[in-house]
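Heads up: the structure comes next, in C-alpha cells.
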C-alpha cells in the first residue's frame, strides 16, 4: 500500500494513517509530510487531543521538529474550525485518544473532498488494538505501519512496553514518554497478566512445545 500516492485531483478526499508503537517516528513522519505539502502551497491544519498534555498547542517529534496545532476535546470540534476555511488537508496526531466519533468526522471530511492524514498507536501496552485506530485503518486509502527498535535486543519492535502500572486493571491511558514506556519486539514484550486462551489453543501449544523439548 505504501507505493500508492494519494491524488489532490479527486472529488472525494483520501485518508492516510501512520501507525506503529511508541518511538517509531510516527509524528516525525507526519510532520515531514506536512512540511513538504506546505512548501508546495497546500493548505494544512493540524489537530491534537486535549488529553495529550506533553506539549501545548503544538505537535512535536522527538527529533525536535514541531508545528502549530489546535487542541480539541471532541472530534466534532474539527467541524468548527473548517466551516469558514478551506483546508486541503486535515492532520490529526495521537488519534488513538479520540472516541469513535473520529470515524464519522473523517468519513464526512472525505465525502466533501477534504484529505485527512492521521498518526497514532495501533496497539496499546497490552498489545491489543487501541481505541479508534483499527476502524481508521479499515477506511484508510493508505497505511504506513512503522517499526521502532527493541530496547532489549535491538531488533525491530512492533509493541509498546509500559514500565509502570502494567497490569490488566491499570488505566489504559497513561500519558508519558521514555520514563514510562519502551519499544519492544514480540519476544521481549512483557505483560504481567496473561491473556485468556481456549483449551484447544492451550493443548495445541503444549503439544508443539513438547515436540521441541
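Using the three backbone atoms N, Cα and C, a Cβ is placed for every residue, glycine included.
As recorded in Swiss-Prot, the features of this protein are as follows:
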- 94: active site, proton acceptor (ACT_SITE)
- 20, 21, 22, 23, 24, 25, 26, 27, 93, 94, 95, 96: ATP binding site (BINDING)
- 150, 153, 185, 188: Zn(2+) binding site (BINDING)
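Features as recorded by Swiss-Prot, highlighted on the structure.
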| residue | record | Cβ contacts under 8 Å, 6 or more apart |
| --- | --- | --- |
| 20 | ATP binding site | 26, 121, 122, 145, 146, 147, 148, 158 |
| 22 | ATP binding site | 121, 148, 160, 181, 182, 183 |
| 24 | ATP binding site | 146, 147, 148, 157, 183 |
| 93 | ATP binding site | 27, 30, 46, 47, 48, 52, 59, 69, 119, 120 |
| 94 | active site, proton acceptor | 48, 49, 52, 119, 120, 121 |
| 150 | Zn(2+) binding site | 156, 157, 183, 184, 185, 188 |
| 153 | Zn(2+) binding site | 185, 187, 188 |
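Residue environment of residue 185 (Zn(2+) binding site) contains 21 other Cβ atoms, counted within 10 Å of its Cβ in all protein chains. Comparing Cβ neighbour counts within 10 Å across the binding-site residues 26, 188, the minimum falls on 188. Just so you know, the Cβ of residue 95 (ATP binding site) picks up 27 other Cβ atoms within 10 Å once every protein chain is counted.
DSSP assigns residue 150 (Zn(2+) binding site) to coil in the three-state reduction, placing it in neither a helix nor a strand. Between the two most distant C-alpha atoms of the annotated ATP binders (20, 21, 22, 23, 24, 25, 26, 27, 93, 94, 95, 96) there are 16 Å.
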